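Student: Pasting a structure below so you can have a look.
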Amino acid sequence: MKTNDVILKTTSHVVFFIIFLFSIHVFLAGHFAPGGGFVGGLLTSSAIVLLLLVYDIKTVQKLLPINYTIMTASGLVLALGTASIGMFMGKPFFKHYFDHFYLPLIGDTELHTAMLFDTGVYLVVVGVTLTIIQSIGGDD
Amino acid sequence: MVQVLFIFIPIIAAIFIPVLFKKVRGIHTGWFVLIVPVVLAAIYASYISRVMHGEAIVSKVNWVPSLDISFISYIDGLSLLFSLLITGIGALVVLYSIFYLDRTREQLHNFYVYLLMFMSAMLGVVQSDHLISLYLFWELTSISSFLLIGYWYDRDRSRFGALKSMMITVFGGLMMLGGFILLSIMGGTYSIRELIAQAPTLATHDWFTLSLVLILLGAFTKSAQFPFYIWLPDAMEAPTPVSAYLHSATMVKAGIYLVARLTPIYASSETWVWLVMGVGLFTLFWGSFFAVKQTDLKGILAFSTVSQLGLIMSLLGAGAVAFHVDQAQDTVFKFAAFAAIFHLINHATFKGSLFMIAGIVDHETGTRDIRKLGGLMSLMPISFTVAAIGSFSMAGIPPFNGFLSKEMFLTSMLAIKDFNLFAMDTWGAIFPIVAWIASVFTFVYSFYFVFKTFTGKYKPELLPKKAHEAPIGMLISPIILASLVLIIFFIPNIIGDVFVKPAVLAIQPFLYDSVSAIPIHVSAWHGFNTELFMTIGIFVVGFLLFLTIPKWQKLYNIVPDWLSLNRLYDRFMTFLDKDLNFISKLYMTGSIRNYLVYMFSFIVVITISTLFVKDAFSFSMEGTAPIHVYEIILILVLIISTMTVLFSKSRLTAIIALGAVGYSVALFFVIFNAPDLALTQLVIETVSVALFLLAFYHLPKLSRHEERIRFRLNNFIISLGVGVMVTLVALSAQSQKLVPSITEYYKETVNTLAGGGNIVNVILVDYRGFDTLFEITVLSIAGMAILGMIQLRLSRKENEHENK
């Protein structure tokens, strides 16, 4: 049913990476500027959705052989695991830790356990969105 | 600390059982399991020397300190006696099970894991001084009993029996939890010791009787008292070692333990005395009477257990009478509590051995139906001897331990008629009479059990297997128990001093200062007194009745089957299953539209009425931003596109209009300086429009004859209501600030406490991380549900295809 749309295909190669890299930026920027795991995850999904629109589901699955169900589950585990770190230190559930580090190339950076939690959110959002889209779109 | 850990040793050992079962196939897993109860029994035996002088050993481990919940192991005479029974009988039962359960055919890992779990739970019940952890262990015994009864889960009767026991005992357990909570509120503590110390003040509290009845419900269901006993006969579907262990020696005595343990608190209550003694005595009679009706060997033993539990229960009730008598230690009322504990020990010995013999008969002949059995005496001489010892002890014949405790039981029951409180002087005479009748039937079923099985005509044609004596390994445990039956008869006072008196001290702490102050001496010969004549009467009448069983057994058929308690239970279960399901289906139509109607109308009614009842609605323009022309335009766009969604004739138009709605909302966020929200809204709109386009191909066409959407008044009212509600709430929330805005707090702490800069995102991951965690959980569940629904639909389609 897909028409062979050359223009769309060609541009999508570039646009996909632009959206994807932007989504990573938005995701990482989240703690200080607009962004975060939710938006980042949605943007990544929309990048993949673009591919889905251009190609069919089978091709995209070949390009990105990711099991989104497992992605969702690992995201949940990561989020829950990060939240429970505090419990092992005798602190309440969901206690976050952060500090500043000097990283090569990047410079002074704040590392925060909330980042790990946000990664969990990111994975869940991408996983769920694409699980839904794939299962509905792939249902012939 | 260490003492508390002892409770958990079995459950920790259980972790290794599946591995041992899988890896070490050559050795029966039971041999490894056997180590646990033997070691524990040795450990608890080392406590005897201290506890028998009335000392109590306490150890504590905090569990949930913030809620004041902890594991407290409190070992006094009563706990120690039970702990020794649990581990001692446990060791014998495990030994017996090694020969009873085949290592190649049975799922031993399941069996022993459940058994060890039960052992921990039961030790926890009898040692916990904390009401909440006691409750926890109590329910754990119900669960492990459920698993063990359902061990042969491919049998219908096993699953039925397991569920029945679970329903009844957990019902009781929940009632008991209610009682515990009331008790702890009254006393301000969860500790049983501290509650006992303030017993006199508790008795004046309003909730005293209520908590008493609730706790007794727990004890009666667990200890199979009338009318809750019906689960016990069905529990006999469990493998025989389980019946011997859980359903005669230990778990069913948890209720007895609880009553004994709480006697110091509740004995002052008239309700307690009447309930415990009355229900106990009636159960004693009921169980013994119906035991003769049974044709299954284990069925007879089950009813006999019910009846013996009733006996011990009634003795505990009679023991409570001692709290109402001055100088009880010098009167005849002192015997009841002692007799209760003494009989509890005796019952564990003789009933344990009888269950094991029933298992052996089943194992070696292939049937437990007493009508098919007979004449096994010459084929199975050792089993017969053990069975005879057990039965004679149960019937109360000398020289076996049952005789001693039966005599004391009769003494205690005779004493009741001299008690002149609680209208006992008028009704008290009933007690010795019922006790006597029940004892006659006990005598009858004891003889029925042993002589119908082992004497008479041998009927090999009815037996699935050729009968022969059991292997010696299987006989060791019953022989040990049977020899205890004999030994205890000759040394009752040593048992009394070491085990019974410390336990009695725990039941009646107000009567005696120390263990040595309990003035009870057991002797087999009391001279010619009323008890002796009653016993002789029991023997004579019982023997006559036993000889004439075939003549009067028809009596049992008089009561029609549908009137029985079992039928009542069955009907209740069908009611739960079928009838309640019917009621649910009346409103659970399966149509999402209907559910939305319920939900929305409920929300609208609740919210709007709250607004009016609390007089919460207010409207003020104070502090609102000026309205610009962009906003008006946006709102118009919003309204127009929403209308388009509703009235569009093609789906594509509707999708595009819906996208327009989303994007204009995103623009609102842009205008009001909410970049995070705007970004999210924009991406969500993009993704969902894309999703619609993907799914578009599969959606059904808007049907032509539904060109005009029919007007439905209900839906109109509800949608109007929702709109009004949201508007009202939004206006009220904006117009009155009851509490200062939390924004300032976020602004101050976002950098110092949370180490971030973007408040919106920090709220998501830090301040309100719980929300996000649950949101992504819900999201995942939704994703999985959609995946599941679509894949299920696919597989059904394929099946249909195959069927064609």
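Each Cβ is built from the backbone N, Cα and C atoms, and glycine gets one as well.
Remember, TrEMBL labels are computer predictions, not curated facts.
Feature list, courtesy of TrEMBL:
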- B:65-112: domain 'NADH-Ubiquinone oxidoreductase (complex I) chain 5 N-terminal' (DOMAIN)
- B:128-424: domain 'NADH:quinone oxidoreductase/Mrp antiporter transmembrane' (DOMAIN)
- B:636-701: domain 'MrpA C-terminal/MbhD' (DOMAIN)
- B:712-790: domain 'MrpA C-terminal/MbhE' (DOMAIN)
- B:6-24: transmembrane segment (TRANSMEM)
- B:31-49: transmembrane segment (TRANSMEM)
- B:69-99: transmembrane segment (TRANSMEM)
- B:299-323: transmembrane segment (TRANSMEM)
- B:335-361: transmembrane segment (TRANSMEM)
- B:373-397: transmembrane segment (TRANSMEM)
- B:429-451: transmembrane segment (TRANSMEM)
- B:472-495: transmembrane segment (TRANSMEM)
- B:625-647: transmembrane segment (TRANSMEM)
- B:654-672: transmembrane segment (TRANSMEM)
- B:678-699: transmembrane segment (TRANSMEM)
- B:773-794: transmembrane segment (TRANSMEM)
Student: Go through the chain and flag residues at least 6 beyond the ends of the transmembrane segment (B:335-361) whose CB is under 8 A from any CB in it; none is fine as an answer.
Tutor: 78, 81, 85, 89, 92-93, 96, 100, 239-241, 243-245, 248-250, 253, 256, 260, 263, 297-298, 301, 304-305, 308, 311-312, 315-319, 321-322, 368, 373, 376, 380, 383, 386-387, 389-391, 393-394, 400-402, 404-406, 408-409, 411-412, 415, 449, 453, 470, 474-475, 477-478, 481-482, 484-485, 488, 492, 495-496, 499-501, 503-504, 507-508, 518, 520, 522
Student: Hey, which bits of the same chain come close to the transmembrane segment (B:373-397), Cβ under 8 Å, at least six residues off its ends?
Tutor: 297, 304, 308, 346, 349-351, 353-354, 356-357, 360-361, 364-365, 367, 403, 406-407, 439, 442-443, 446-447, 449-450, 452-459, 463, 467-470, 475, 478-479, 481-482, 485-486, 535, 538-539, 542
Student: May I ask for the residues of the chain that lie six or more residues beyond the transmembrane segment (B:429-451) and have a Cβ under 8 Å from a Cβ within it?
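Tutor: For the transmembrane segment (B:429-451), the far contacts come to 277, 281-282, 284-285, 288-289, 291-292, 297, 300-301, 303-304, 307, 310-311, 314, 354, 370, 384, 387-388, 390-392, 394-396, 406, 409-410, 413-414, 416-417, 534, 537-539, 541-543, 545-546, 549.
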Student: For the transmembrane segment (B:472-495) and the transmembrane segment (B:654-672), decide whether they are in contact, meaning at least 3 CB pairs lie under 8 A, counting pairs 6 or more apart in sequence.
Tutor: no
Student: Can you count helix, strand and coil residues in the domain 'MrpA C-terminal/MbhD' (B:636-701) using DSSP?
Tutor: 55 helix, 0 strand, 11 coil
Student: Please give the sequence-distant neighbours of the transmembrane segment (B:299-323): residues at least 6 beyond its ends with Cβ less than 8 Å from one of its Cβ atoms.
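Tutor: Apart from its flanks, the transmembrane segment (B:299-323) reaches 223-226, 229, 232-233, 235-236, 243, 247-248, 252-253, 255-256, 259-260, 263, 266-268, 272-288, 290-293, 331, 333-334, 336-337, 339-340, 343-344, 347, 351, 354-355, 358, 370, 394, 409, 412-413, 415-416, 419, 424, 431, 435, 438, 441-442, 445-446, 448-449, 507-508, 510-511.
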Student: Pop the mean pLDDT for the domain 'NADH-Ubiquinone oxidoreductase (complex I) chain 5 N-terminal' (B:65-112) in here, whole number is fine.
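Tutor: Summing pLDDT over the domain 'NADH-Ubiquinone oxidoreductase (complex I) chain 5 N-terminal' (B:65-112) and dividing by its length gives 90.
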Student: What does the DSSP secondary structure composition of the domain 'MrpA C-terminal/MbhE' (B:712-790) look like, as residue counts for helix, strand and coil?
Tutor: 64 helix, 0 strand, 15 coil
